[in-house]
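According to Swiss-Prot, the record shows the following:
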- CYS33, CYS221, HIS246, GLU250: Zn(2+) binding site (BINDING)
- 35-45: motif ''HIGH' region' (MOTIF)
- 279-283: motif ''KMSKS' region' (MOTIF)
- LYS282: ATP binding site (BINDING)
Amino acid sequence: MDATPELKLYNTLTREKSVFSPIDPNNVRMYVCGPTVYDFAHIGNARPVIVFDVLFRLLRYVYGEDHVTYARNITDVDDKINARALRDHPGLPLNDAIRAVTEKTETQFHADVAELGCLEPNFEPRATDNIVEMTEIIEKLIGNGHAYVASGEVLFDTKSMADYGQLSKRPLDEQQAGARIAVDAHKKNPGDFVLWKLSSHNEPGWESPWGRGRPGWHIECSAMSKRYLGDVFDIHGGGLDLIFPHHENEIAQSRCAHGTEVMANVWMHNGFLQVEGRKMSKSEGNFVTIHELLQTETFGGRKWPGQVLRLAMLMTHYREPIDFSIKRLEEAERLLAKWPAAEASDAAPDESVLNALSDDLNTVAAVQALHALAQAAHGDPTARAVFAATADLLGLLPKKMEIDEAVASAVDALVAMRLEMLKAKNFTEADKIRDELTAKGIQLKDGKDAVTGERVTTWEVKR
């Protein structure tokens, strides 16, 4: 599309922002590391899902919906999964217990990301469906001298690769094993990492040339990206915490197995997330899952719509850290409440928003420009069509809510409850109900009954 500005992306590999030039404009390929399905995804996990969904949407707009391939994996073999299965399902055979954990967690992940307004990737491969592909890569690495067998394990020889460490820029003598599976003392070099590890009788395993075992963490993504995107592809994404060891080791495995100069041309990483100024952790008591945020009153004493969480994430540039807070969610909610409901539109997205997104996904500037469009869209059908197309590009299209009888009854009950709160001068709880309904696109209007003079509240769907 000639009118589309030049897309520039920051590349962690080069530490520079440069013009994006796909290997094949007819098939732009992107791989993003997905969840390990041992526990429900937390709000920090939501950030890469949202960031790379925006990039996916932008690439589809620039190159065409049928010319972009997006793969995001599911890691369903991991020691954390094994431990959770034994804890939650002690009465089941291990494989059945693992399946119960991974299926439940994966189902919840899909429900969560749908609530966040994310498009489905073209491919979402599971690690356990790609064991053969992993063993094939490992055999290649052994055959060309980049891996070795020690006490039944297969390890990658980091000193066999002259420029190992090119992504993280860390000297080899500072590198550590960096595997999720513990490595015993059979390594040639301190930084060597596990490709394949033997499994005991009470651990999941697959037959291989090196005995019954299971893969190391890093080899999974090398195998799945190769299968669905090829030896070399355009973009590899994930969180900043994955640069080392995970992405560094992916590069080493893939390049040495396939004899390529790169694995992916562009490496993109989103920044960290804190909660109310502190690192999110269970010990801090501020660990919040996406499900809890959207479906329970865990955070701020109320439920938050997925669109509010999405906008709250996009109000910070993806490479910057986010301090996640109730205040941030409230700010995003107030902004959304000012936007008109709109149907999907064939209009071209606004140029200022395209310019912002084309500058290394500058969603901060894009959201500011979108808000200006929203103000112009009230009462102007042409402006509203442009607003709708632009909001859709960000996954933020405000849709008019469909109200059925059951939902209407629930709203009526909340409105009645709020009136009782107001009569009791419990304004804090009354405001909570109003804010919750506003976030769902329902606007309240307070007034007085013309006959009795009593306070009454009416409501209508605004989006």
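Glycine is treated like the rest: Cβ placed from N, Cα and C.
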Around the Zn(2+) site formed by CYS33, CYS221, HIS246, GLU250, list the extra residues of the same chain whose Cβ is within 8 Å of the site's Cβ centroid.
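The answer, listed by sequence position, is TRP217, HIS218, GLU220, SER222, HIS236, GLY238, LEU242, HIS247, ASN249.
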For the binding-site residues HIS246, GLU250, which one has the sparsest Cβ surroundings, going by other Cβ atoms within 10 Å?
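Minimum Cβ neighbour count within 10 Å, taken over the binding-site residues HIS246, GLU250, occurs at HIS246.
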Would you identify the secondary structure of CYS33 (Zn(2+) binding site) according to DSSP, in three states?
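Its secondary structure by DSSP: coil.
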Name the residue among the binding-site residues CYS33, CYS221 whose Cβ has the smallest number of other Cβ atoms within 10 Å.
CYS33
Taking every residue in the motif ''KMSKS' region' (279-283), what is their average pLDDT?
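Average per-residue pLDDT within the motif ''KMSKS' region' (279-283): 71.
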